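S.K.: A single structure is presented below for examination.
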Amino acid sequence: MVKIKKNISLKNLSTFKIGGRVRFFCEVRNDKELLESLRMAKKLRIPYKIIAGGSNVVFPDKILNCLLIKIKSNRLKIIKNKIIIDAGVSLLRVIAAANRRGLRGLETLAGIPGTIGGAIVGNAGAYGHSISEVVERVEMLNETGDKRWVTNRNCKFEYRESVFKKKPYIILRAVFNFQKGLPADGRGNPEKLQKISRNIIKIRLKKYKPGLRCPGSFFKNVLISGISKKSLALIDKNKIIDGKIPAGYLLEEVSAKGMKLGGTKIADFHGNLFVNTGGAKAAEVERLAKILKSKVQKKFHINLEEEIHYF
Ligand SMILES: Cc1cc2nc3c(=O)[nH]c(=O)nc-3n(C[C@H](O)[C@H](O)[C@H](O)COP(=O)(O)OP(=O)(O)OC[C@H]3O[C@@H](n4cnc5c(N)ncnc54)[C@H](O)[C@@H]3O)c2cc1C
């Protein structure tokens, strides 16, 4: 039976360590428990919200009036070149399993915290690759509580976007197919893949020191296909990577580095990294984000969009 806890602090449920309290909270380990928790929310007549690794969220300072459901499902099964994974499995575990078997496609995502569900919602990625490249299909609960499988195409993946960001679907599990776009048998060399992941983790650790209270990159990079010629003319072309302008570059151009508001600080070494230096408040984060967006708009006529999810 699912155990419902009351009046829980939100701080330790996210890597940013920000937030007030939530009225009701529970953890679910499988579909049965998830369905039970949804029935409980109905009975309590309160909305529900989903959380997983909490590595891409900003919780509010006030009381969150909902049942917050943490997805902790953890089954992982490998069949030839496919992996069937529950939404609550950590991305790290899947990458390690794939690398060990020489399944190529996720090795550059090593070091991204969080779960498979969270990674699919935001189409997480790094170093020119994103999770959508290996997703074959996703099983989810739709708004009426029915289970459905959706194909990669129907996930509507784009840069840091998916259908799951726009609709109240709950991801249950996914099938990853490591053959897509890869050599005929989909297999690489395990040692080579593990080395790539290890090296990337090493590089990432320089930016994200262990224990750093942050939600990863705050804003999305900007697709050049989505901006005006006038804006593009203002950009140093050497800064464009894979058709995107790093949000960090735009923010650094408006002197974001080192800016501070209460306990929230923009890292001295990266303009797109919001850090909780201790006791940071969601209100400060939102205010600082608003100030920076307006500065970038004024200088480049570009609207920065948040990559993080406000609750
Ligand atoms: C240090 C650090 C580095 C990072 N680096 C990167 C990076 O390089 N690239 C990148 O893309 N991201 C990066 N991130 C952001 C984050 O790790 C990813 O977005 C991650 O995939 C989020 O997964 P999560 O389980 O933590 O999701 P959460 O933060 O728990 O949730 C994110 C959103 O997804 C929803 N959600 C989660 N699970 C489900 C589910 N099963 N069904 C429906 N909705 C669900 C939540 O409601 C929420 O809206 C970084 C974060 C940190 C802290």
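Glycine is no exception: its Cβ is also placed from the backbone N, Cα and C atoms.
Taken from TrEMBL, the feature domain 'FAD-binding PCMH-type' applies to 17-181. Feature annotation from TrEMBL assigns active site to R160, E307. Look at TrEMBL and you will find S217 tagged as active site, proton donor.
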S.K.: Sort out the sequence-distant neighbours of S217 (active site, proton donor) for me: same chain, 6+ apart, CB within less than 8 Å of its CB, listed by position.
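M.R.: Looking at Cβ-Cβ distances below 8 Å from S217 (active site, proton donor), excluding near sequence neighbours, one finds A247, G248, N272, L273, E307.
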S.K.: Who sits close to R160 (active site): which same-chain residues at least 6 apart have their Cβ under 8 Å from its Cβ?
M.R.: G122, N123, A124, G125, S130, K220, E307
S.K.: Within 10 Å of the Cβ of E307 (active site), how many other Cβ atoms can you find? Include all protein chains, please.
M.R.: 20
